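Per TrEMBL, the features are:
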- 1-26: signal peptide (SIGNAL)
- 51-169: domain 'Purple acid phosphatase Fn3-like' (DOMAIN)
- 283-496: domain 'Calcineurin-like phosphoesterase' (DOMAIN)
- 522-582: domain 'Purple acid phosphatase C-terminal' (DOMAIN)
Amino acid sequence: MAESCRGLKMFTTVVLLCLVFVHASGSDDVHPLSKISIHMATRKLSESVTIKATPKILGLQGEDTQWVNVTIVNPNPSVADWVAVFSPANFNSSICPKENVEDQSPFLCTSPIKFTFANASSPNYSTSGKAVLRFQLINQRADFSFALFSGGLSNPILVAVSNFISFANPKAPLYPRLAQGKSWNEMTVTWTSGYDIDEAIPFVEWGMKGARQDRSPAGTLTFTRNSMCECKDYSSDNRRYLDRQVSRYTYRLGHILSDGSNIWSKSYSFKSSPYPGQNSLQRVIIFGDMGKAERDGSNEYSNNQPGSLNTTDRLIQDLPNYDIVFHIGDIVYANGYISQWDQFTAQVQPITSAVPYMIASGNHERDWPNSGSFFNTPDSGGECGVLAQTMFYVPAENRAKFWYPTDYGMFHFCIADTEHDWREGSEQYAFIERCLASVDRQKQPWLIFISHRVLGYSSSLDYALEGSFAEPMGRELQKLWQKYKVDLAFSGHEHLYERTCPVYENQCVNTETSHYSGTVNGTIHVCIGNGGKSLDTFSTVVPQWSLVRDDQDWGFVKLTAFNHSSLLLEYIRSRDGSVHDSFTISRDYSDVMACVHDSCEPITAKT
């Protein structure tokens, strides 16, 4: 038997249109692009000012990213001058919709993808009027131009526009993203291209390495600005099945054009997933709250996710040494800027094209007032989960609700969606119990619960100030974790690392700190929300259940299952790859089945 990849095409030609979002002055979650008052920009082009971009054609050797040099000559320079990247190149503020912006200032319509100040790499610019800047561009399916503004960000005056540049194949299928399907023998791939539905037919060519390659059709989804805050069920797909052996598969993405010709992506490869219970070395990466950053140092999120490239590059470097990734919410921090999703998928492509990249829903993917999210905040910038659920595949019954189970060899994962109600009596609570109850612990001894927000234990300053040491109402799930003997509960949201003892009802139930064996009488909670976002701080109060805390650096967790009775957790700092916390679990099936407090079925007098 073989495997089919489900293709997902995004037709997002107008990649620079932003969504309406609430500007929160002073917050570190304010998108730097929102500081630019584009809607107030004036146009005063000057023949004495020049800005030129080279080379004009990018990707002639098939590259999907390339560096561009931008040369500026300005006889009237200022330290407030800045250069913006636009795509499509022919931007015009007249396309802005006529909307009341009093409650949403500054309102952005045609926003640059990114920007930098003219003196960023040429400190003498303000006196010489000459500068050479370097920008890294990715293929965003449209041409580019560079614009020089004076007057700072709040009173922008457009003084010069560069020549247009473009990629040689702007519509090519790009940025593949693998994901585990609804069962162990299903693999899904989504990707991005510039072809509209009636322009080309997408497909995947795949097969075992060195063997005949088959073709499978792919589905097509599109989104535009008007798609946001319309959470829909995207659950249809096409798939076949993998062999039970762990095999290496190769694949490439294609589109059949109307003239019968084919457009191809690069070739990629992945390993088939182990079947449930398979006894092999299995390695899992888990982190949250990473976001993205620009390698060229330009301004958009480089100040808000300073550790993003650390984590990305460390995982790329270590790619042969793990098998699946869980990015547990707050993925891009795009806040409604569609172009940021392209930037992110390009950044993580070496990872997502080679191993399953599973995601969970965070507040910055889903939350928006009066949209059905559990928290009535504007954190998604109006995305309402649409971009996350379209860009990335998860095997949920209803993908507008990001809760789902997935198996990986000896692991069984239950992924919750903290942006929808999880309390007892809710639809999600019923799912969580079904997911936890469905595992066969003899085959899959390692039962893992994942959520974005902390539903268990955290001594971060934010939660300490609330007096809750967790998300309010979060611990309603404690009796389920205890009943089904959940080994580990992972969360993000708080931008730090923290590991608890095996804990139940605020009490450590095991005095060990580095090696655990015997009965499962409590769940170890791990907050790993320091994937790249600016770091949070801990409370000065250290609860007795908090064993290890790190709010000084970025990192991720690596789980290694050696067999059915031996598991290793390592917390790795992404800056240098050093291990800053670790512990092992060793036990037998009888230890998992042993009766402990609040984890056994009630026994009646008749019994």
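If you go along the chain as it appears here, the first residue is 1 and each next one adds 1.
Glycine is treated like the rest: Cβ placed from N, Cα and C.
Whatever TrEMBL says is automated annotation, not expert-curated.
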### Query
In the domain 'Purple acid phosphatase C-terminal' (522-582), how many residues does DSSP assign to helix, to strand and to coil?
0 helix, 33 strand, 28 coil
### Task
Find the average pLDDT over the domain 'Purple acid phosphatase Fn3-like' (51-169) in the predicted model and report it.
85
#### Entry: Summary of DSSP states over the domain 'Purple acid phosphatase Fn3-like' (51-169), given as helix, strand and coil counts
7 helix, 49 strand, 63 coil
